[in-house]
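These notes concern the structure reproduced below.
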Amino acid sequence: VVDADIACHYKRSPMHLFAYRVHTHRLGKIVSGYRVRNGQWTLIGRQSPQLPQAFYPVKYPVDISYDDILAARCVFSGEGRTTETHIGGTANDEMCNFYIMYYMEAKHAVSYMTCTQNANPEMFRSIPQEANIPIPVKSDVLKVMHGHHEETKDSDTSSLLQQDKKEEEILDHGDFYSLLSKLLGEREDVVHVHKHNPAEKAESDLVAEIANVVQKKDLAREIANHDERDNTILVRDRIQKFHRLESTLRPPENRHLSLQQSKRGEGSWDKEHKGDFHIAEAVEWPGLDLKLGQVSGLALDPENNLVVFHRGDHVWDENSFNSKFVYQQRGLGPIEQNTIIVLNPSNAKLLHSTGKSLFYLPHGLSVDKNGNYWVTDVALHQVFKLGAKDKEPLLILGIALQPGSDKNHFCQPTDVVVDPITGNIYVSDGYCNSRIIQFSPNGLYVMQWGEETSLGRSRPGQFRIPHSLALIPDLSQLCVADRENGRIQCFRLETGEFTREIKHKAFGRELFAVSYVPGGLLFAVNGMPYLGEAESVQGFVMNFSTGEIIDTFIPLRKSFEMPHDIIASEDRTVFVGDVHAKTVWKFASAEKMEHRSVKKAGIEVQETKESETIVEARLKNKPESTDSLKNMEKQHLVQQASTTGVSFVLITTLLIIPVVVLLAILVFVRWRKTTVYGADGEHKLDSSSGRILGRLRGKGIGGINLGNFFANHKGYSRKGFDRLSTEGSDQEKDEDDGTDSEEECSASPLPPAPSSS
């Protein structure tokens, strides 16, 4: 008895399994598949590969999450064999396959994945014992399954040899789709080959390659005769059929997306791209491993570096304040760690840090156009301006440790932003006040607006914890995350006049933070649902003009616990900070992660982007040089940049060509008639342009007939000018084969009061 074990770490968005299929050849006794999570083995399905080849429903629903392990075991018995059995594609070889049917959320869907290695052999010591127990199969079933393969004792030696030779050429259903798995999983240039109509040379290369893989056990053997090549072409056609089937099931891929560069006062998201914009976690970003305190604020500096405001070893809990909002833990002293850290947004490398021994309970953060840090401290009830290299604040608003509601006091201020155009300062105040305060660039009080939410439905301008601010400078607006009202309110910067509200059922009761990207995108994060509520904690991407939700996103690594702040850059890179998880996630537009092959821990995924332009499939056995690849990339960028210009030139050219051809024909006809008929012919042609046009329309007696014209001269015939029958010319032949007709794709409790974080 021999075991074949397969195991891989799953590194994609969650998927849900609903069916499975097992496959070996004649020596396989039992195949079992499992999900392994935190050391616990959950059965996906187990079945005898000697039973009819089919997908069987998963008995109990199984979901696969990021970093779960997918594991499978095939048990083989060599009983009755007198020679060694090898891994291979013929009936006398063996293979081990466990196929899974699954579904995913459409915007994150991947149509094909494969696991081809054993990432952790030691783990199989704890595999459930059921994986080693064969499922009995009746002998009559075996005869049905293997009747055309069975060897009888009465057969003579020559017939056995002939049978073995024949079996080497046999490719059963499971083997055929295993080949498809190999091609789809390992060859990016083969994916969706039918869509791109590869050149004849490339197509012949693929035919030759398939021949080597499919038809011969020894890959080094060459195609010897025409019949074998015909069979290879049949296999190629079946692969193209498979691609057609797969493409009908595949969700539409993302198209090229561009933000409209909106003029001041517009700020609209291109409606044409609605639904095409997707955000996903950048799982390669190592920032999740940083040792941080409670992450309360995020911002991007002028160099697009990530700035994080965290609480070090201090924690905001039920003992932090009394009923009058006075901080009760002054004895702890200020935070002794640097509370402001600057990170490289690509690799999370620490670039700079400051803010040691200044703060008690950090909260809001922003960075102005000059690179100054603006922060709020809910324990000190103050707002600070700090230079990037200054140890002491450049400006302080509010009175330390004194909550209040007048022009000189704050009560747990939550956020602060600075208008890059006017330099005016806006403070959201806060947990125990319900107002937005405007200050001049040098910190003088200008005005305020807002009031506490009244009983019943909240009205415009009323707040229940104005928690986060987002400036929309190109529209001269300020948007506020009205946390406990679960909405976004926007106001005019100059007057504080209410302009709009954005509210969705998906927000739930709480909306914690909001961020704006020039061009018309709003990003936001909500809070954990209350007991009995269905809305999940997640991130949102919204069209600022319409307020509609374009996309939602959640992390793959860890989970949102209390996402507290969000910041987005113009290239749609998004960072989310979580006070409870004490971490920062990075998300990126799915466009950035398309058209690449991802291979991690044995899970290989092909992501192919469908461009609106014509894509030529290049199937080459030898990799292209680095220089040629760079040249191709440059050409692709130039092609993208000039699409509009090319379209115009193309249309103009197509209109001009018929005119040029017509003139050329007229000149040629005139020359020929001059040659044949002499001056008389020349005189006739000189008569008028109207007569020429009349002939072209077929109204003149001597109308031009290209067939007759060329037929009058030596070496020409009418062939090609007579009307041809086009009936059926576009019908695609779809030859069915009974033996290989199968087509498949292998493959928190209710709080007593609003939380204060």
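The backbone N, Cα and C atoms fix where each Cβ goes, and this holds for glycine too.
Residues or ranges marked as domain 'Copper type II ascorbate-dependent monooxygenase C-terminal' by TrEMBL: 3-127. The annotation region 'Disordered' is assigned in TrEMBL to 250-271, 721-757. The feature repeat 'NHL' is assigned by TrEMBL to 351-389, 397-442, 458-494. Residues or ranges marked as transmembrane segment by TrEMBL: 645-669.
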Message: Using Cβ atoms and a strict cutoff of less than 8 Å, what residues sit near the repeat 'NHL' (458-494) while being 6 or more residues removed from its termini?
response: 262-267, 364, 366, 414-417, 419-422, 424, 426, 428-431, 434-436, 449-452, 500-503, 507-516, 518, 522, 524, 526-527, 544, 565-566, 754
Statement: Helix, strand and coil residue totals from DSSP for the repeat 'NHL' (397-442) stand at 0 helix, 17 strand, 29 coil
- line: The correct DSSP tally for the domain 'Copper type II ascorbate-dependent monooxygenase C-terminal' (3-127) reads 9 helix, 65 strand, 51 coil
